[in-house]
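Colleague: Per Swiss-Prot, the feature region 'CPSase' maps to 1-186; the stated evidence is sequence analysis. As annotated by Swiss-Prot, L-glutamine binding site applies to S47, G238, G240, L267, Q270, N308, G310, F311, with the evidence given as sequence analysis. For 190-377, the entry in Swiss-Prot reads domain 'Glutamine amidotransferase type-1', with the evidence type sequence analysis. What Swiss-Prot records for C266 is active site, nucleophile. As annotated by Swiss-Prot, active site applies to H350, E352.
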Amino acid sequence: MSTPALLVLADGSVFHGTSIGYEGSTSGEVVFNTSMTGYQEILTDPSYCKQIVTLTYPHIGNTGTNAEDEESRSVYAAGLIIRDLPLLHSNFRASESLHDYLVRNKTVAIADIDTRRLTTLLREKGAQGGAILTGADATIEKAQELIAAFGSMVGKDLAKEVSCTETYEWTEGEWALGKGFVTPDEQPYHVVAYDFGVKTNILRMLASRGCRLTVVPAQTSAEDVLALNPDGVFLSNGPGDPEPCTYAIKAVQKLIESGKPIFGICLGHQLISLAIGAKTLKMRFSHHGANHPVQDLDSGKVVITSQNHGFAVDADTLPANARITHKSLFDNTLQGIELTDKPVFCFQGHPEASPGPQDVGYLFDKFIGNMKAAKRA
C-alpha cells in the first residue's frame, strides 16, 4: 500500500496521504465521526450515502471485518479517511482485513494524514464538500472539479437511492455470543417498516421485542401500508435532505391521521416533524459519533447516544400538539418529540447504536407499549 492519495476540501485545504482502498476517485460531504470502534457498521450505514467519513480515532482496522457486522447490503459511505491502518488485524470473528474489504466494496480511502488537523477544520468551519483521488496523476484541479460537481447535501433526496426496491419480511433478532443472530419464538406484533436507509440492527432490536416486520420501499403509499393491517408503523433512518422527500411526508401525514402507533428514528423523526408542519434546517456542525449526551426531558436523565445526522428539526416551528421529549446537551438541538393527540413519537439519534451505546433502547419498548395499548383498545 504505497499508492499516493490526495484529499482536497471545498475551502482549498489539501492533504497528502496513502491509498488504502479501491483505486480511483470519490467526492461527497466530508464529516468526522468520533467513534473508537464500529468502523464496519459506519461504512455500511446507508445514512452515510454521499458522505466521506473521517474517523478521529487514530488506529482503524485492528479487528478486521466480518460478515456479521454489516448494517446493510453494501458500503454506502462515499469514502473513508483515517490516520493509520495497522499492518495486522486480529479478532476471532475477523474474516477479512479492512484494506481487502474496502477494495472488494470499491470504496476509495486515504490514510497517513493528520486527522486532528482535518477534524479541527471541520469543527471550526462545518461539514463541507471534498474529494479523494488516488494515483500519481491525482491533481488538485481534478479534485476541485469533483467537489464542484457534488455541490451540497441540501436538496438531495437520497432515501430513494438507498431504499429497497421490493417488500420483504424480517424476523431475525439480535446477536448473542455463541449463538449468532437469534429469532424469537413468538412475534405477536406486526410492524410495517419504511426503508429510507434502514440499519439491520434496528430491525433486529424490533424483532427481538416480538415484532414481525414487513419492510417496504421508501415510496410506498400510506394506503398500501394500511392495507397490510399493521399493529404499528416504523420510519427508519436514512441519508440526505428530508424536505425533498415529499412522497414520504404525504404518506406519513395519512398514517398519523389513521391513529396507528408510529415510531421514527433519524430521517424518520424529521419526516414526522415535516408531516405535522414543522421545518428542518441544514446543520453547520453535524452530529456523527457514539458519545453524544442527550437529556430525556421527561425523566431528567442524561443518556449517551449514537448520532448521525446533518439536518435537524427547528424546534420553534413545532405545532402545539408536539411536545419536545429530548434535547442535545452539545448544542441544544431538538432530539425527540411526541404528539399529544396521537400515539406517535420519534428520536433524532440512533437508539440501536451499532456502533455505540444503547442507553435509549427503551424507546423500542415504548413503541411496543403503544402497540400493546392499541391492541387492547
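The backbone N, Cα and C atoms fix where each Cβ goes, and this holds for glycine too.
How about a rundown of where these features are and what they're close to?
Modeller: Secondary structure from DSSP puts G238 (L-glutamine binding site) in coil. Just so you know, the Cβ of G238 (L-glutamine binding site) picks up 33 other Cβ atoms within 10 Å once every protein chain is counted.
For C266 (active site, nucleophile), the Cβ neighbour count at a 10 Å cut-off comes to 30, with all displayed protein chains included. DSSP gives C266 (active site, nucleophile) a coil state; it is part of no helix or strand.
Contacts of H350 (active site) defined by a Cβ separation under 8 A and a same-chain sequence distance of 6+ are given as K199, N237, I265, C266, T305, S306, Q307, N308, G356, in order along the sequence.
Within 10 Å of the C-beta atom of E352 (active site) sit 25 other C-beta atoms, taking all shown protein chains into account.
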Colleague: Cα-Cα, whole number of Å: E352 (active site) versus S47 (L-glutamine binding site)?
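Modeller: S47 (L-glutamine binding site) has its Cα 14 Å from the Cα of E352 (active site).
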Colleague: Just to confirm my parser: what is the rounded mean pLDDT across the domain 'Glutamine amidotransferase type-1' (190-377)?
Modeller: 98
